[in-house]
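What TrEMBL annotates here:
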DOMAIN    40-98  domain 'Polymerase nucleotidyl transferase'
Amino acid sequence: MVLTVEGEACRLTQRMRFDRLHNEDQEIDDLLGCLVDRTSSLLGDRVGAIYITGSLAYGDFVPGRSDIDGFCFFREGASAEDLTKYDDMISNLGKIHPTYEGKILDHPISMSSLQDRKKLEEDLGFVNLTSLIQSGKLIYGREIIMSVQPPTRWELDTYMAQDIAKILRKREAGIPCDIEEDEESIKEYSQNPELVLDWLLYPARVLYTMKTGRVGSKKTAVHQYCLSHDDRFKMWLEQALEYRSQKTEVIPEHQVKAIMEVAIDFFWHLVNLVQAKMGLVRKGEEQVCTPADAVNRFRRLLDVA
């Protein structure tokens, strides 16, 4: 179901619902209607399209906790002043509904980038672009649908391999990769559990993409993993989702250490699966290889040296 709202008085009405929401939330419906109405009133025809992504599009949205993720596409002629006005409007939009606490649609993109896939990937990132194409909800404007093409399965798999290769090359060069940098941050600032939980949930999302050829939310990916696996990671993934759903502000120190150890193991489990999927591990060959071996194999396959 694709929702479109056009014309001068462009508002979402009660009849225009997000069919993937588990329970319709009138507050969010009103908030999106206000977003479309105010953006159109403020910038007129300089607005090309508004696309909603993330948990609201996937059906994992939790009122009061989840962000409203998405992108606002601007036509040629939109000035820096226009974008400043848009940013100011977005920053104040949540105040209309005091109970809403998440971020709202804070990523403006030029419509001209739609004609250049490489440029669009630079703006959005490949996974975000894929998410936009495959699972997003258009709430204003039609042009974007005709301007982007779904990625091929080969492109998705290659992206996943390249992303992991970058992390491995950092490790090989002795540069702390993100997971190790986050581990230090978590030790120093245990007030931010999102860091440790995201590193546990991220591999599940990549595995979901490898298996299905689609990009899903972390919650969707973890549920899928837990349905099809019964291993030591399952318990920790379910615990990570529980922490996120409870908006836990502080994770006990012993739990942080344990989760990080599992997250690192899960990450290397993902690396080995990607290597096997991309033909980097021959039958009968030891599945666990050194980071240097993995980097060299990725380089030969993907020519990303």
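Heads up, the Cβ atoms here are built off N, Cα and C, so glycines get one too.
Note on the domain 'Polymerase nucleotidyl transferase' (40-98): its mean pLDDT in the predicted model is 82. The domain 'Polymerase nucleotidyl transferase' (40-98): residue composition by secondary structure is 29 helix, 12 strand, 18 coil, according to DSSP.
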